[in-house]
Amino acid sequence: MLYPLMHLTATHINYYYLCRRKLWLFHHGIHMEHNSDLVHAGKLVEEYSYARRSECNRQLALRARLDAHTQLLGVIDYFDPEARLIHETKKSNRKEEAHIAQMRFYQLLLKENGIEDCRGIIEYPLLRSSTEVPPLDATTEAQLRQELHTMAQMLRQAHCPPLLQTRWCRQCAYYDYCYIDEAEN
Amino acid sequence: MKKSYYLFNPGRLSRQNNTLKFVPIDEEGKEGQARYLPVESIKELYVFGSLDANSALYNFLGQQGIVVHFFNYYEYYTGSFMPRDYLLAGKVQIAQTKTYLSANKRLALARRLIEGATHNMLKNLRYYVGRGAPLQNPITQIEALWQSTATAPDIETLMGIEGNIRQTYYECFEHIVSDFAFEKRSKRPPENELNTLISFGNMLCYTLCLRQIFHTQLNPTISFLHEPGMRRYSLALDLAEVFKPLLVDRTIFSMLNKKILQASDFRTELRGCTLRPAAAKKFVTHWEERLQTTIQHRTLKRKVSYEHLVRLECYKLIKHVLEIQDYKPFKAWW
């Protein structure tokens, strides 16, 4: 079967680690982020931390092909080409695994565009801390590619994955959407 | 918190840098003191007075995602300025259309919408039975009518039954409020006070549903109970059916029974009965208060406003058309 070209972004890989259902909904255009104060707060942290940095525009938009049916797209907020360092700002480190995966996604995009051995740094200005991500090695790259293939396959399914029911759900922008139901009278 | 602005006075609204400026203009054409409306705080605009505005303003409002609703001299809804859709999801649109196109799926969903509307109407009537209103007969009639929807073969029959339910329900109004007679449902123009309030409230409810739909991925022109094209945004009519008893009718009962609105608030002319401007202001004040009232939601386990209930209904419709979860209509439980 011929598939139309699928676009995967950094948000996809981030959501892949958080919740498959959220990922599926997001991919199909069912966005809820505009309703969430937490998402808005996260955006503000990203926008207003490191104000001096934005003086010179170091944003970088990249694309690469994963395979014949899948295109990878990403926008790196701040890339320092001399140090080969990718900066990413996050509000909280509670879902660090997802942030690291997102960073690896950027590293892969850079590599596919001929810029290898980039390190990443995830900055948490509110926590006054940061996490370093070493350059992509063969193992992590293979793992990431595998994840991206799995993700593409999952997103081609016609049906939405079931509810996860975790304790994180209440904070999620999709909470109302996922949990709204009518109790029987 | 964003809020709705109601512009009753005539004047000129313009863009001033990145916010809005309103200059009232009186009957002699003299300009009054300018007022600034912070654009970030505007949910939507209701324009009742005559308004001067240019395209720069509408471009700005469009950019900010602010809907503008227009009403004529008689306070009838004339139309809305809708900004470009900002939430597009092809998958939802196709699923919504498919549900509409399948006669069975559409009929089942339409019936569920009527189920919600009927339940909420009966809830109101039963409350007033508890307070001594003689409404046992109409309740039995409405229940029988609801039963008969189970065998309705098509949408037209269903709409017919729905019409009968609503008529029986409206006839109860004069037993719920003192001092005002209902006679029959009259529109364009409404012929007496109760009909005027019903029409005015229903318009507000329609625009509320429209705004909530606008903030989701649903297409407001594809509806299930009402025929698409009956109005520009017929899905708002579908949703309004479910919410009118809770939002509109309860506002009317409360305002009349507490004598917040009285006979002197209405003007009856050859063209029918209209609300005096001061009364319209009172009505929208109470309407806004009602929308911000919160209840503890039973499945979300948190407080939600009446207004948000409409948004939640949109989410349920999205889940229904995507076959994630069958739609169960909102039924007031208090």
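For all residues, glycine too, the Cβ spot is worked out from N, Cα and C.
Those TrEMBL annotations? Automatic predictions, nothing curated.
Binding of Mn(2+) is attributed by TrEMBL to B:E162, B:E241, and within the candidate set B:H175, B:H226 the record adds B:H226 to that site. Cβ environment of B:H226 (Mn(2+) binding site): B:M159, B:S234, B:L237, B:D238 lie under 8 Å away, each six or more residues apart in the same chain. Annotation note: B:E162 (Mn(2+) binding site) sits in a helical segment as assigned by DSSP.
When secondary structure is read from DSSP and collapsed to three states, B:H226 (Mn(2+) binding site) falls in the coil class. Classification of B:E241 (Mn(2+) binding site) by DSSP places it within a helix.
Around the Cβ of B:E241 (Mn(2+) binding site), a 10 Å sphere holds 24 further Cβ atoms from the protein chains shown. Taking a C-beta cut-off of under 8 angstroms and a sequence separation of 6 or more, B:E162 (Mn(2+) binding site) has the following same-chain neighbours: B:I114, B:A117, B:T149, B:L225, B:E241.
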